[in-house]
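Student: Could you have a look at this structure, given as structure tokens, before my questions?
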Amino acid sequence: VRTELEPVELEDGAAVPKEFANPSDDTFLVEDAVEAIGFGKFQWKLSVITGLAWASNYAMEMMILSILAPQLHCEWRLPSWQVALLTSVVFVGMMSSSTLWGNISDQYGRKTGLKISVLWTLYYGILSGFAPVYSWILVLRGLVGFGIGGVPQSVTLYAEFLPMKARAKCILLIEVFWAIGTVFEVLLAVLVMPTLGWRWLLILSALPLLLFAVLCFWLPESARYDVLSGNQEKAIATLKRIATENGAPMPLGKLIISRQEDRGKMRDLFTPHFRWTTLLLWFIWFSNAFSYYGLVLLTTEFFQAGDVCSISSRRQEVKSKCSLTCEYLTEEDYTDLLWTTLSEFPGVLVTLWIIDRIGRKKTMALSFLVFSFCSLLLFLCVGRNVLTVLLFIARAFISGGFQAAYVYTPEVYPTATRALGLGTCSGMARVGALITPFIAQVMLESSVYLTLVVYSSCCLLAAVASCFLPIETKGRGLQESSHREWGQEMVGRGPHSPEVTRSNFGSQE
């Protein structure tokens with residue numbers, strides 16, 4: 001066991017153990033190989049496939065909720081609570097399955113869990129287009145949500161093939177595919193809804209999942225997962241494949257098998273090292289989804305009213321009308337949805353620019369603070385133009401904060417519990433998304449100002465929670481084993497940091 005390792009300076013001034021950067025050493029870990037092979041053709045292909053999963057299995061199925069609900073409200077004469085339940089049931093399905101998909105991915109592999117969830121969503125997505133009555137569409141959309149809960153595992157698989165310097169940027173760029181998916185869904189609705197109706201929209205929206213299911217055969221299993229499972233030969237074959245595609249040399253020597261340990265155990269998320277991290281991340285993910293989807297629901301209400309101060313009077317006018325009165329989505333409504341979606345692109349760019357400069361924790365805190373500030377400015381009863389600007393800024397930053405959480409969460413947990421950690425966080429996000437319709441729609445009828453206070457206060461608390469996270473993952477490698485102090489796999493240090501005195505590279509327990 002080597003206890004003294006000479007640090008080597010990287011381009012950005014950080015120092016890592018010598019063995020990490022030396023591909024000619026006699027032993028190496030998966031992290032060494034991923035860093036030595038670097039970012040290349042393989043990662044570009046993986047980016048497109050992961051983005052396709054994000055756009056088709058997540059963004060499109062989420063965006064369709066804002067289009068399907070008003071259509072069924074008019075066509076089937078549904079009361080408002082049933083319309084809200086149609087949205088909430090999808091998040092109930094996602095919430096109930098997120099931990100399950102994470103457990104499956106930790107037990108049987110990232111690729112296995114992802115393929116099953118995609119095929120599940122494809123089947124019930126197409127089937128929901130044939131729902132004869134409200135009760136059937138409710139059950140089937142809930143089952144679609146159950147499948148969507150497994151989509152975050154694509155980020156787990158993606159992150160485990162990315163070298164450290166490219167990881168944050170690449171995961172953030174997945175948000176671009178989210179925006180592309182939502183824009184595509186709106187354009188598809190513009191073409192399909194006037195002629196073919198909502199049933200064909202549901203069926204056609206599920207078909208891109210078939211393309212991803214076919215491309216899944218190209219996806220390799222995570223080498224980190226294979227090593228943790230004791231399948232060393234398969235991990236080496238995967239790494240050699242990546243090296244060949246990238247035109248880079250494989251590290252010489254023997255691949256070290258990290259200490260094998262139980263995978264996917266919930267208790268591992270609450271060990272002394274991760275207890276506070278897990279609890280704070282749960283609240284951060286809850287606040288992200290609560291605020292993001294709440295803003296999406298509020299945007300339509302604000303645009304239709306013209307400004308915040310007009311909402312109360314507008315509500316009174318609506319109540320005086322016949323209860324069966326409803327309005328189909330117009331061309332102007334679809335335009336508003338497009339503009340709202342496009343506002344996420346600058347959010348990605350801002351987050352991409354600051355996340356490696358100020359760190360993951362501060363990026364999330366800043367996103368929550370800007371959202372909260374914009375929410376408070378809506379109290380000023382601004383006109384429609386200023387309202388549009390504030391809503392766009394708020395959505396840009398809250399979506400950027402969401403992506404920062406997607407970067408941070410896979411980085412902070414070790415390989416044995418990475419998928420489960422991301423799955424439980426995703427489950428808490430669904431709790432927030434489940435609750436937010438009752439705030440953004442029901443509470444809004446009573447008081448628009450109280451609604452804004454709830455969202456603003458929640459984000460202020462989330463900003464504080466982000467600052468109190470005990471671990472900053474900026475400049476650090478992915479942790480392989482939970483039996484080591486966090487960050488021993490790769491310690492990022494400045495030029496004045498103390499000498500590295502201990503590492504578990506080249507050792508085997």
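In case you wondered, yes, glycine gets a Cβ from its N, Cα and C as well.
OK, TrEMBL features for this one:
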TRANSMEM  46-69  transmembrane segment
DOMAIN    47-474  domain 'Major facilitator superfamily (MFS) profile'
TRANSMEM  81-104  transmembrane segment
TRANSMEM  116-137  transmembrane segment
TRANSMEM  171-192  transmembrane segment
TRANSMEM  198-219  transmembrane segment
TRANSMEM  273-293  transmembrane segment
TRANSMEM  363-380  transmembrane segment
TRANSMEM  386-408  transmembrane segment
TRANSMEM  420-440  transmembrane segment
TRANSMEM  452-471  transmembrane segment
REGION    480-509  region 'Disordered'
COMPBIAS  500-509  compositional bias 'Polar residues'
Student: Six or more residues beyond either end and a Cβ under 8 Å away: which residues meet both conditions relative to the transmembrane segment (386-408)?
Tutor: 152, 155, 167-168, 171-172, 174-175, 178, 281, 284-285, 288-289, 291-292, 295-296, 298-299, 302-303, 307-308, 339-340, 343-344, 346-348, 350-351, 355, 360-361, 363-364, 366-368, 370-371, 374-375, 377-378, 425, 459, 469, 473
Student: Counting Cβ pairs closer than 8 Å, which of 46-69, 81-104, 198-219, 363-380, 452-471 has the most of them with the transmembrane segment (420-440)?
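Tutor: That would be 81-104.
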Student: Please tell me whether the transmembrane segment (116-137) and the transmembrane segment (363-380) touch - that is, whether there are at least 3 C-beta pairs under 8 Å between them, with each pair 6 or more apart in sequence.
Tutor: no
Student: Roughly where does the domain 'Major facilitator superfamily (MFS) profile' (47-474) sit in mean pLDDT, to the nearest integer?
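Tutor: PLDDT averaged over the stretch: 81.
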